[in-house]
Amino acid sequence: MTIWFLIGFLLPVAIFAAPPPINRLALFPDKSAWCEAKNITQIVGHSGCESKSIQNRACLGQCFSYSVPNTFPQSTESLVHCDSCMPIDSVWDVVTLECPGNEEFPRVDKLVEKILQCSCQACGKELSQEGAMFNVYLNTAEDSPAESLGHHQHRPPAREDDSPAQSHREGESEE
């Protein structure tokens, strides 16, 4: 039974797992890959709203990629490798922007990825933004991410003269 588990589950995982990052190449032994999180000031904005400056980090570095010419018929597996400097640890924060003059949506919440740590990772390994937003919404018990892809808009408190249909549409967003 254990052998079937190893063959059926672990073998495909091992085959399709991304290769580890490469730190040095034989052709350039004096060069090494590097990737680090650099402090930046990020401007968060939204149409019709006041922008906000926040402190964040950006991933910056030089990671190795290479492609060795192929042969036909192919005698060995393709020799292509790609690493990119990208986040390995981040959190998502809500940044609230004020939107003066917009009575319907006086504030807009933007989800902003705050990068904590970076490293050379296999290209195409980016974490899905929708998946990350889904986790944020699950953790904060707010509206679902499908209702506001990328930001959540706040309406002002309902006035007494508002009809129930108007205040019920709070989760709808206008793009």
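Just so it is clear, glycine is given a Cβ too, placed from its N, Cα and C backbone atoms.
Per Swiss-Prot, the feature compositional bias 'Basic and acidic residues' maps to 157-175.
CYS35 (disulfide bond) carries a strand DSSP state (E or B). Proximity of CYS35 (disulfide bond) to non-local residues of its own chain (separation of 6 or more, Cβ distance below 8 Å) is seen for CYS59, LEU60, GLY61, GLN62, CYS63, CYS85, MET86, CYS118, SER119, CYS120, given in sequence order. Residues or ranges marked as disulfide bond by Swiss-Prot on the basis of similarity to another entry: CYS35-CYS85 (among others).
Mapped onto three states, the DSSP output places CYS99 (disulfide bond) in coil. Sequence-distant neighbours of CYS99 (disulfide bond) (same chain, six or more apart, CB under 8 Å from its CB) are HIS46, GLY48, CYS49, GLU50, PHE105, PRO106, ARG107, VAL108, listed in sequence order. For CYS49-CYS99 (among others), the entry in Swiss-Prot reads disulfide bond, with the evidence type similarity to another entry.
Summarising the annotation, Swiss-Prot assigns disulfide bond to CYS59-CYS118 (among others) and lists similarity to another entry as the type of evidence. For CYS59 (disulfide bond), the Cβ neighbour count at a 10 Å cut-off comes to 21, with all displayed protein chains included.
In this structure, CYS120 (disulfide bond) is part of a beta strand by DSSP. Its Cβ taken as reference, CYS120 (disulfide bond) is surrounded by 23 other Cβ atoms within 10 Å in the chains shown. Residues or ranges marked as disulfide bond by Swiss-Prot on the basis of similarity to another entry: CYS63-CYS120 (among others).
Per Swiss-Prot, disulfide bond is recorded for CYS82-CYS123 (among others), and the stated evidence type is similarity to another entry. Sequence-distant contacts (6 or more apart, same chain, Cβ under 8 Å) of CYS123 (disulfide bond) comprise SER65, CYS82, ASP83, SER84.
As annotated by Swiss-Prot, domain 'CTCK' applies to 35-124.
Swiss-Prot lists 144-175 with the feature region 'Disordered'.
Annotated signal peptide per Swiss-Prot: 1-17, in sequence order.
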